[in-house]
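Data block below; observations after.
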Amino acid sequence: MKLSVFTSVLLAGLVAAQQEKLPKCAQPCVDQYTTGGGVAGCGQLDIKCICSNKNFLSGIACCLEKECDAQGKETAVKYAKQICATAGVTDLPDDVTCDKSAASSGTASGTATGATTPTSSDSTNTASATGGSSTVEPNAGAREGAAGFIGVGMAMLLAL
């Protein structure tokens, strides 16, 4: 029990210290790709997975391009490079570049079933479709792309 409390206090201190390095403009971008159980489809503490996730990185870059000024972007890049280097990922871009084609791609899935019923002998048919659904994952398009590496470090901040 004491170990859990100690670990929680230690992690809270680390998060607070690291948040000072994260530009405020980047926080909405990080929030967009962070869930309770992970970051962009990776485990919360799987830094290598997050830093290597190209579409996710592109999506974060597009968000940062909209949200941050030049200083904020520079700070976010530096922070992300530091975090990713700890996992051995060093092939990150030096600046924020939004690859809209990678960031806007997504996945969609759905099913539709139909039934036709003749309504008269003159071959007039009535069709009805039921059960159609479509699900678009907003984070899926952001999971693999080259330019948005910045969000990795920021996402790790929230994951801690």
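Going from the start of the chain as shown, residues are counted 1 onward.
Here the Cβ of each residue, glycine as well, is placed from N, Cα and C on the backbone.
A disulfide bond in Swiss-Prot ties Cys84 to one cysteine from Cys51, Cys62, Cys63, Cys68, and that cysteine is Cys51. Around the Cβ of Cys49 (disulfide bond), a 10 Å sphere holds 18 further Cβ atoms from the protein chains shown. Closest by Cα distance to Cys49 (disulfide bond), from the disulfide-bonded residues Cys25, Cys29, Cys68, Cys84, is Cys84.
Ranking the disulfide-bonded residues Cys25, Cys51, Cys84 by other CB atoms within 10 A of the CB puts Cys25 at the bottom. When the C-alpha distances from Cys51 (disulfide bond) to the disulfide-bonded residues Cys25, Cys63, Cys68 are tabulated, the minimum falls on Cys63.
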